[in-house]
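Colleague: This is the structure I want to talk about, given as structure tokens.
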Amino acid sequence: MAEVMDLGKDPNGPTHSSTLFVREDGSAMSFYVRPSSAKRRLSTLILHGGGILCRVQKPGAVLLAQPGEALAEASGDFISTQYILDCVERNEKLELEAYRLGLTEQASDPKPGASAEGSTEPEPQPLTGRIAYTDADDVAILTYVKENARSPSSVTGNALWKAMEKSSLTQHSWQSLKDRYLKHLQGQEHKYLLGNAPVSPSSQKLKRKAEQDPEAADSGEPQNKRTPDLPEEECVKGETKENGEADNKLFEEATPELGEAVVDESPDFEIHITMCDGDPPTPEEDSETQPDEEEEEPKVSTQEVGTAIKIIRQLMEKFNLDLSTVTQALLKNSGELEATSSFLESGRRPDGFPIWCRQDDLDLQKDDDDTRNALVKKYGAQNVARRIEFRKK
């Protein structure tokens, strides 16, 4: 297997915390920066602080613009780029709302904590009244539930919604978010092309129960902490790399030395770590395999296990990530080392195809030609074949 490049850090780079733009639950804050002369500098600061850059506006992303931009101030959806500079200068995460553009008249110094004495302008009053839900809000709610609700009781409890309110994905209170989901959005994921909700087996029963007594199911305890999903293909960590050859080394068998590294990505699907060589069979060859054929599982040598451990530790050190996050990245890239490294660095695979998601893993199990052809069109025949082999092992 090709050796991983030397992992060094630029001594002249930014010095602020590498987790400055990471939330308390471990998820990275997403930022969209409007084109400007300061975009490159801001991008460097955001990425060094553990944040994620989005190429397009998306639900949940913090929209950044420079003060004075008419369109940004008119919309009221943008945060001043000064927020990033102040966070870096103080090396702490500041309050976003103090930097929102265009909603209220602000003092000349927008920094939090600035004295308001002597100002003739009255203190801005809190927003009152009911805030209407937009399609973007609904998508943000459904996406958050899909990625964070780990059990049917999560959506009827309060912990999930309080956490969502704290994440500032929308401007609504947690009570309003919960009511919106239970009464209007639950079971409607297909209308937003989001696939099935993770709690769909009991959704109708829970909906009836929640409408009768929404507070009854609140356990008061947060759900088990889960490593957040890595950003989708339109969110990139830096500039996109040029396409290269996909590495044919896969990680597939478990290594006890690294401890438990199971990622709950799809039913009966655990990621195991080792390496195997050779190209996988094509989907056609795979479909011709007889069900009664038994293949002897290849044994893993101590040297291969040691190499796998070394590589994963290097990935963890290089990208400053924990074992669970690196393991999840390997899982989403079918264990391909080069693709995983490229994805962690730039947010994209070198072959240009997207990473695998839970819904497509479920579709891969269906015995349906149309579904399989759609997956081949989306991921490429070779990647589909590799995914099938990866799931088998």
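Using N, Cα and C of the backbone, Cβ positions are placed for all residues, glycine too.
Dumping what Swiss-Prot says about this protein:
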type	residues	note
COMPBIAS	223-248	compositional bias 'Basic and acidic residues'
COMPBIAS	282-297	compositional bias 'Acidic residues'
CROSSLNK	LYS111	SUMO2 cross-link
CROSSLNK	LYS191	SUMO2 cross-link
CROSSLNK	LYS205	SUMO2 cross-link
CROSSLNK	LYS209	SUMO2 cross-link
CROSSLNK	LYS237	SUMO2 cross-link
CROSSLNK	LYS366	SUMO2 cross-link
DOMAIN	10-101	domain 'BRCT'
DOMAIN	125-185	domain 'Myb-like'
MOD_RES	ALA2	N-acetylalanine
MOD_RES	SER36	phosphoserine
MOD_RES	SER43	phosphoserine
MOD_RES	SER151	phosphoserine
MOD_RES	SER153	phosphoserine
MOD_RES	SER200	phosphoserine
MOD_RES	SER203	phosphoserine
REGION	104-132	region 'Disordered'
REGION	194-248	region 'Disordered'
REGION	272-305	region 'Disordered'
MOTIF	377-393	motif 'Nuclear localization signal'
Colleague: How big is the Cα-to-Cα gap, in Å, between LYS191 (SUMO2 cross-link) and SER36 (phosphoserine)?
Modeller: 36
Colleague: Including all protein chains shown, what's the count of other C-beta atoms within 10 A of the C-beta of SER151 (phosphoserine)?
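Modeller: The answer is 14.
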Colleague: Ten-angstrom check, please: count other Cβ atoms within 10 Å of the Cβ of SER43 (phosphoserine), all chains counted.
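Modeller: I count 19 other Cβ atoms within 10 Å of it.
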Colleague: Give me the long-range Cβ neighbours of LYS366 (SUMO2 cross-link): same chain, 6+ apart, Cβ under 8 Å, in sequence order.
Modeller: ARG372
Colleague: If you count the C-beta atoms lying within 10 Å of each candidate's C-beta, which of the modified residues SER36, SER153 ends up with the smallest number?
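Modeller: Counting other Cβ atoms within 10 Å of each of the modified residues SER36, SER153, the minimum falls on SER36.
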Colleague: Provide the number of Cβ atoms within 10 Å of the Cβ of LYS191 (SUMO2 cross-link), excluding the reference atom itself.
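Modeller: So the number of other Cβ atoms within 10 Å of LYS191 (SUMO2 cross-link) is 10.
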Colleague: Compute the C-alpha separation of SER36 (phosphoserine) from SER151 (phosphoserine), stating it in Å without decimals.
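Modeller: Distance (Cα to Cα, whole Å): 43 Å.
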Colleague: Give the residue counts of the motif 'Nuclear localization signal' (377-393) per reduced DSSP state, in the order helix, strand, coil.
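Modeller: With helix first, then strand, then coil, the motif 'Nuclear localization signal' (377-393) has 15 helix, 0 strand, 2 coil.
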Colleague: Taking DSSP as the reference, which of helix, strand or coil describes LYS366 (SUMO2 cross-link)?
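Modeller: For LYS366 (SUMO2 cross-link) - judged by DSSP and reduced to three states - the answer is coil.
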Colleague: Looking only at C-alpha atoms, tell me how far SER153 (phosphoserine) is from SER43 (phosphoserine), rounded to the nearest Å.
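Modeller: Cα-Cα, rounded: 39 Å.
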Colleague: What counts of helix, strand and coil residues does DSSP assign across the domain 'Myb-like' (125-185)?
Modeller: 37 helix, 0 strand, 24 coil
